[in-house]
Each structure stands twice: as structure tokens, then as C-alpha cells.
Amino acid sequence: MKITVNTLHKLAEEGRKITMLTCYDASFASLLDEAGVEILLVGDSLGPVMQGVDSTLPVSEEDMLYHIRCVARGAKNALILGDMTFGAYQESPQQAFAHAARLLQAGAHMVKLEGGAYMAETTRFLVERGIPVCSHIGLTPQFVNMFGGYRVQGRGEDAQRIVNDAKALADAGASLVLMECVPAPLAKEITETVKAPTIGIGAGADTSGQVLVLHDMLGVYPGKKAKFVKNFMEEAGSIQGAVEAYVKAVKDKTFPAAEHTY
Ligand code: KIV
Ligand code: NA
């Protein structure tokens with residue numbers, strides 16, 4: 001069955017976890033789809049993962065369109081989420097709409113954009129015009145130059161800022177709120193208070209769903225492994241087995257464990 005925004009809301013309502021993995025090509029799209037991964041994220045992590053660049057900033061709209069088309073050809077049922085690229089949506093709601101429309105025309109069903117409450121206006125603009133939005137808050141990798149590195153966000157007094165971001169974006173109509181690298185109790189509080197389902201990466205076990213970068217969970221990515229990553233290949237022995245183990249672990253709430261959590 002085709003996964004839609006309605007499916008995601010139903011899963012969240014019933015307390016069943018949503019699974020997401022990044023995906024950049026048709027072969028993996030088919031494998032992930034077959035394993036029951038609900039959302040394939042064509043993330044701008046394709047810069048570091050596919051292209052070998054050292055951040056997500058150099059990834060272009062052209063790059064995204066190419067990889068979305070590849071993934072769309074391999075996926076049958078999964079919902080395809082496409083990242084909006086750095087510099088292609090921050091100027092205005094109009095700029096964001098034009099960019100998002102092209103991602104949907106390439107095969108995405110929803111777009112993800114980074115940024116807090118100030119992106120609420122853009123979010124509403126897209127949603128009112130037929131483009132579902134996943135908001136990405138907390139550690140937003142396109143802000144690496146502002147953050148001075150990839151650091152946990154929302155610690156201590158900073159927590160209220162993240163709560164306000166999540167509320168404003170969900171109120172603006174975001175279909176999902178993705179939180180990256182925030183303390184688990186904060187992610188739990190946000191999941192319990194905002195109306196949109198939440199997806200976590202490095203955000204503890206109490207979000208509506210989880211996401212990992214495919215190459216991280218397969219142990220393929222050569223860079224330093226973040227605390228929140230689990231290598232599912234170690235025990236599985238095959239790529240298909242690893243993806244199935246990830247889906248099962250998210251569904252039965254054994255991943256993420258305390259050791260993966262801030
Ligand atoms: O681009 C990406 O892979 C992402 C995930 C880390 C959420 O945005
Ligand atoms: Na991304």
C-alpha cells in the first residue's frame with residue numbers, strides 16, 4: 001500500500017513507530033521499500049555520502065533532482081522526502097515554492113527544510129499550495145558555519161527555543177517535525193505537545209519515528225561515527241538483513257537505546 005501523509009498520521013496516532021532511512025539510488029530504493037521502510041529521505045547528506053564533499057552546503061538542486069528521480073524509479077510504496085538545498089529556499093516563500101515544486105515534479109512527495117520558527121511563514125506558503133513539509137530543527141547541518149561544528153542543540157536554557165520552533169512549524173501546517181541531536185527528554189516533550197508526528201535522529205526513543213543515514217547504519221561511511229548511529233550490518237550479515245533489523249528495532253522500540261541518546 002502506498003504510504004501517504006495520512007498513513008504517517010495514523011501510525012503516530014496509534015503509537016506505531018515510523019521508519020525512515022536516507023536513500024540516493026534506485027536499487028536501494030527498491031530494497032528499502034521491500035523491507036517496509038515508510039519514508040525514503042533523499043537527503044542533502046548525499047553531498048558527504050555520494051560526492052565526498054565535507055558538508056551539505058555544496059549540494060545543488062540539480063543534484064537533488066537527479067537522485068530523487070533515481071529513487072522514485074526504485075520505490076513502489078514508500079513516501080519520498082526530498083531535501084531543499086542550501087540557498088534554494090531561504091530567501092522567500094516564493095523562492096522556496098519554486099524549488100519545492102521542482103522536487104515534487106522529479107518524484108518527491110514531501111520536502112524537508114531546515115530552520116526554526118522563522119520558517120513558519122514559508123511552511124504555510126508551501127502547505128497552502130499543495131506541498132507537504134517536513135520541518136528539520138535542532139542540529140540543522142546547513143547551519144554548520146553558524147554552529148561552529150556539529151553539536152547537540154537544545155541543552156539547558158536553549159530547550160525552550162526548540163520547543164517554540166516545533167510549535168510554530170506544526171501550527172503552520174508541517175506534516176512532520178524532524179529533530180536532530182537534541183536531548184531525549186526535550187524530544188519527548190515536543191512529541192507529546194505538537195500535533196505533527198516527530199522523527200528523531202540522535203533524539204532518543206520517544207519520537208514518533210526514527211531516521212538514520214543509510215551508509216551510517218550499514219557501516220559503509222568512512223567518517224567518524226556519531227553517538228546516535230548503530231551499525232546494523234555487524235549482526236545482520238547482509239544489507240537486506242540489516243535494513244530489516246533496523247525496521248524491526250525501530251518498530252519494537254529497541255533502537256535507539258540509551259547508548260545512542262543524549
Ligand atoms: O540529509 C540527511 O540525511 C538528513 C538526515 C540526517 C535527517 O537531513
Ligand atoms: Na539533510
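Using the three backbone atoms N, Cα and C, a Cβ is placed for every residue, glycine included.
Neighbour list (Glu180 (active site, proton acceptor), Cβ cut-off 8 Å, at least 6 residues apart, same chain): His136, Ile137, Gly138, Leu139, Thr140, Pro141, Gln153, Gly200, Ile201, Gly202, Ala203. Annotation comment: TrEMBL describes Glu180 as active site, proton acceptor.
As annotated by TrEMBL, Mg(2+) binding site applies to Asp44, Asp83, Glu114. Taking Cβ-Cβ distances under 8 Å and a sequence gap of 6 or more within the same chain, the neighbours of Asp83 (Mg(2+) binding site) are Leu41, Val42, Gly43, Asp44, Thr56, Val59, Met64, Val111, Lys112, Leu113.
Among the features that TrEMBL reports, 3-methyl-2-oxobutanoate binding site is placed at Asp44, Ser45, Asp83, Lys112.
Following the DSSP three-state reduction, the secondary structure of Ser45 (3-methyl-2-oxobutanoate binding site) is coil. Within the same chain, the residues at least 6 positions away from Ser45 (3-methyl-2-oxobutanoate binding site) whose Cβ sits under 8 Å from its Cβ are Thr22, Thr56, Pro141, Val213, listed in sequence order.
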